[in-house]
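Colleague: In case it's useful when we look at the structure, here is the feature table from Swiss-Prot:
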type	residues	note
ACT_SITE	His72	active site
ACT_SITE	Asp133	active site
BINDING	Tyr52, Gly54, Gly56, Asp73	Ca(2+) binding site
DISULFID	Cys51-Cys159	disulfide bond
DISULFID	Cys53-Cys69	disulfide bond
DISULFID	Cys68-Cys139	disulfide bond
DISULFID	Cys75-Cys132	disulfide bond
DISULFID	Cys85-Cys125	disulfide bond
DISULFID	Cys110-Cys130	disulfide bond
SIGNAL	1-19	signal peptide
Amino acid sequence: MNFLVVIVTTVSLAGAASAGEIQNLYQFGKMVMCLGNLNVLEGLEYNGYGCYCGRGGKGTPLDDTDRCCKQHDECYERATDEMGCWSIETYATTYDYTKSKVSGKCTIKCKLESDYSRFTIRKKCKAFICECDRIGAQCFADKRSTFNRSLISYTKDKC
């Protein structure tokens with residue numbers, strides 16, 4: 001069953017993303033599913049949700065879930081503006097993290113910059129982008145009660 005989940009997720013993302021982007025989106029998706037205790041189909045519903053979830057983002061967020069996506073986008077902007085990460089890195093870099101479940105509750109811990117090997121390239125960006133994704137996924141979990149099914153695949157032209 002896990003193999004099927006990986007295939008479905010990868011194929012769903014492949015139409016709109018490069019190979020690096022797929023890996024990064026896959027990592028973010030795994031965080032979203034773990035922290036939110038969601039299955040793969042529920043996790044995929046965030047892509048294209050509201051005005052900010054998925055590719056692009058504009059206008060005013062429509063609810064707290066959409067605000068999580070706006071904050072995630074802003075974190076990626078800080079990665080380029082303040083951390084010196086390349087724009088492509090925010091979507092294409094892969095990073096290291098650990099996840100654990102205690103009493104059915106998932107926790108995610110991103111590898112710190114100092115914990116990467118000295119031979120690792122762009123470790124500051126890897127650590128920062130992982131934190132962006134972890135915080136975004138935690139926001140989705142915290143705001144899951146605001147998730148509005150009518151905002152799935154929302155037309156961005158309305159934003």
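Cβ coordinates come from backbone N, Cα and C, glycine included.
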Colleague: Among the recorded positions listed here, Asp73, Asp133, which has the most company in the form of other Cβ atoms within 10 Å of its Cβ?
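Modeller: Of the recorded positions Asp73, Asp133, the highest Cβ count within 10 Å belongs to Asp133.
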Colleague: Around the Ca(2+) site formed by Tyr52, Gly54, Gly56, Asp73, list the extra residues of the same chain whose Cβ is within 8 Å of the site's Cβ centroid.
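Modeller: Near the Ca(2+) site, the remaining chain residues are Cys51, Cys53, Arg55, Gly57, Lys58, Cys69, Lys70.
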Colleague: Can you tell me the CA-to-CA distance separating Asp133 (active site) and His72 (active site), as a whole number of Å?
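Modeller: For Asp133 (active site) versus His72 (active site), the Cα atoms are 7 Å apart.
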Colleague: Which of the recorded positions listed here (Cys51, Cys53, Gly56) have a Cα atom within 10 Å of the Cα of His72 (active site)?
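Modeller: Of Cys51, Cys53, Gly56, within range: Cys53.
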Colleague: Excluding near sequence neighbours, so keeping only residues 6 or more apart in the same chain, what lies with its CB under 8 A of Tyr52 (Ca(2+) binding site)?
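Modeller: Residues satisfying the criterion: Lys58, Pro61, Asp66, Arg67, Cys69, Lys70, His72, Asp73.
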Colleague: Taking only the Cα atoms, work out how far Cys53 (disulfide bond) lies from Cys132 (disulfide bond), in Å, as a whole number.
Modeller: 14
Colleague: Among all protein chains shown, how many Cβ atoms are found within 10 Å of the Cβ of Cys130 (disulfide bond), not counting that one?
Modeller: 25
Colleague: Count, for each of the disulfide-bonded residues Cys85, Cys110, Cys139, Cys159, the other C-beta atoms lying within 10 angstroms of its own C-beta, and report the residue with the smallest count.
Modeller: Cys159
